[in-house]
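Q: To start, I am sharing the structure in question, which I have written as structure tokens.
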Amino acid sequence: MTDVPTSAPRSTSKSEFSHETVLLFETVAAVLGEKSLNDNTPKHDGIYVDATFGRGGHSKLLLNYLSDDAKLFVFDKDPEAIDVANDLAAEDKRVIVVHDSFADMTQCLNSRGVSQVDGIMADLGVSSPQLDDGSRGFSFMRDGAIDMRMDTSRGQPVGEWLQTVDEETLADVLYDFGEERHSRRIARAIKGMTQYTSTLELAEVIKQAHPKWQKGKHPATQSFQAMRIFINNELGDIDSFLAQSLTLLAPQGQLAVISFHSLEDRRIKQFLQRHSRGQYPEDENLPMPPQRPRYFSKPKRIAPSKAEVTVNNRSRSAWLRVATRTDTPYNTDPSPQHS
């Protein structure tokens, strides 16, 4: 992507916690199908989706490039994010707020009379305000209840789950969702706790149980990530979200997804590869190689600029993957298509 501004302005919200929107200009340009954003960028008609509104940084910039007749559906599970989204919707009639997971995107849009959209963007994982607010339980640097739910109005907090989960299952969660090599040892230490009420106490137990950790990285990082991903079914939701993009995106519609760790990025990469290569592996028992329809084209990965990483250190691990929906109607029949 060329001629994209190298840093993002600080987004504003009524929250006391600041939030730097990652890959702001790159993401909005990608979801519009533009190489860059400038004064000559045309206003776009159509229907767009911000699948993870957060504090609205991407949505607010996108609205500057949408026509008066365009629509922007914004999704989020977090009630605090929805409060910010409702404030934006009160000011801009183009914004429609949906308090739900992007895993239910198709159902939510269909119920509002929308069957296809022109662009979908998502910024995966936990946001800076969520991390910075100790009461949410995401942070191992600030004390609070061990909650970690994206949607605090439903579901089970991590602290309650830890009271009943067995040691083996906990170890599997730490390994599978946090890629924690010392998962067995850490799980044993966690299950030795008498209560699960403080994130700082939990982080300290993990630290004491961790025999070796990477310099500059808190030893509880991967364990907290694992428990958060598990309790919110984040990977399952991502898989559902990506699958729905096949049917929701109109021909030449744009998909733009930001991820922050390998478990997320690997899923997005494999999904786009699978649906953009257009051919099954060769089978010697078939008379000719079978063809799979190509549902996406031009997949690419974009990293934050050095300037952005300097301004916002949390962007250092971010990757933006973008792709264009082809004109091929989605075929739900998995059988090969012969050319």
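Using the three backbone atoms N, Cα and C, a Cβ is placed for every residue, glycine included.
In case it's useful when we look at the structure, here is the feature table from Swiss-Prot:
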BINDING   Gly56, Gly57, His58, Asp76, Phe102, Asp123, Gln130  S-adenosyl-L-methionine binding site
REGION    274-309  region 'Disordered'
REGION    320-339  region 'Disordered'
COMPBIAS  325-339  compositional bias 'Polar residues'
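What does the local environment look like for each feature on the list?
A: Phe102 (S-adenosyl-L-methionine binding site): 26 other CB atoms within 10 A of its CB, across all protein chains.
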Q: When a 10 Å sphere is centred on the Cβ of Gln130 (S-adenosyl-L-methionine binding site), how many other Cβ atoms does it contain?
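A: Counting Cβ neighbours of Gln130 (S-adenosyl-L-methionine binding site) within 10 Å gives 22.
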Q: Enter the number of other CB atoms within 10 angstroms of the CB of Asp123 (S-adenosyl-L-methionine binding site).
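A: Cβ-Cβ neighbours of Asp123 (S-adenosyl-L-methionine binding site) within 10 Å number 24.
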Q: What span in Å does the S-adenosyl-L-methionine site cover, taken as the longest CA to CA distance among Gly56, Gly57, His58, Asp76, Phe102, Asp123, Gln130?
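A: Greatest Cα-Cα span of the listed binding residues: 18 Å.
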